[in-house]
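Right, one structure below, let's go through it.
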Amino acid sequence: MTTSLPRPATPPHPQRITLADFHDAARDVLPAPAYDYLQGGAADERTVRWNAEAYERLALLPPVLTGTTDVDTRCTLYGTELPAPVLLAPTASHGLFHPDAEAATVRGAAAGGALTTVSTFSTLTLEEIGAAATGPWWFQLYVQRDRALTEDLVRRARAAGATACVVTVDTPVTGLRERDLRNGFALPSHRMPANLAGHGAEPGRNAADPAHRGIHDPRIDPAVGWSDLEWLRSISGLPVLAKGIVRPDDARRAAEFGIGVWMSNHGGRNLDTAIAPLVTLPAVAEAVAGRVPVLIDGGIRRGTDVVKALALGADAVAIGRPYVWSLAAGGAEGVTAALSALHREIELALALLGAPDLAALTPDLVRPPW
Ligand SMILES: Cc1cc2nc3c(=O)[nH]c(=O)nc-3n(C[C@H](O)[C@H](O)[C@H](O)COP(=O)(O)O)c2cc1C
Ligand SMILES: CC(C)CC(=O)C(=O)O
């Protein structure tokens, strides 16, 4: 079945016309520990910087006199048509950033034409999020040591309306989030992940506790393997994607299993100095050879970043921190406005590249600038 979303209608806030503007607005309203949890990465945050620099270091080579008059930014993933190739990456605990939490995110995303990926560690329950959703959404799964709980989470997500299951494979343990350690960051007791209530949640776990390293949850199974992905596909009845792949050999293996490839280094929050996914994207796209979708996240802040990723072989991109900035700054309307701004930038980039649609974004359009 093909579903579609309307094109985004809400104009951006006059003073907030770029994703960076939403960052500034969020920094002004968020308590410092919540801002640091959102913004931070692992250790020296080199990978956080590399993710952005990977896009900055690629230059575009625009052809001229192409005769392109209209641009079409539509993209279809697993039967769902989106007006632009942009998803919201899963981010935990939206209640830290806005009182309406994930309900605002899914509403804002649908109005802005993006598909939301809902974290296992959402503040609201999957059922509450499903009821609030006015557009398509996927479920991000952290495989739990308790496989019955894992199965139940997937079943609940599907019943609530999720149309794919994104299994995060890059977090056997959480990275060394030094900002959180310095802040003694812990989730407030009224913002515990609701989906896991009654399954050993320990409110108030403190980031300074070396046994737990930040908000890492000991219920996450560090021993997830390829056979678990096959098992999930068999029990979920949903398309399954693996999130956190950066290596072509892993991507090839996922494609052989029919598992979608979501390239990511977790926004630089796990293994510092892990490579920026954009660097290995061409090799990953070659290894996958169109068998499954290839998505990418990490450091995407501009429409030109989106077109670079697509030119190098991604089918779509995902943003993490930027939409949380917009959620913090303006709730559902903020999310819609940020997505509209990004969509406009994508349209403009296509027009200036003479690319009538996403298929026209080819590797010859990008080059290291030196
Ligand atoms: C505050 C925050 C919470 C996150 N929570 C999750 C999560 O629950 N599950 C997951 O797979 N990834 C999580 N991520 C990683 C994102 O899905 C994504 O990979 C990353 O943010 C992309 O980089 P960007 O923020 O530079 O766009 C989180 C990221 C942030 C910033
Ligand atoms: C509970 C955490 C592991 C959520 C997460 O993935 C993150 O903060 O990056």
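Positions of Cβ are set from backbone N, Cα and C atoms, glycine also.
The glyoxylate site recorded in TrEMBL comprises TYR37, TYR142, HIS266, ARG269 together with one of ARG177, ARG233, ARG302, namely ARG177.
Around the Cβ of ALA92 (FMN binding site), a 10 Å sphere holds 21 further Cβ atoms from the protein chains shown. A gap of 10 Å separates the Cα atoms of GLY299 (FMN binding site) and HIS266 (glyoxylate binding site). In the three-state DSSP scheme, ASP297 (FMN binding site) is classed as strand. In the three-state DSSP reading, ARG177 (glyoxylate binding site) counts as coil.
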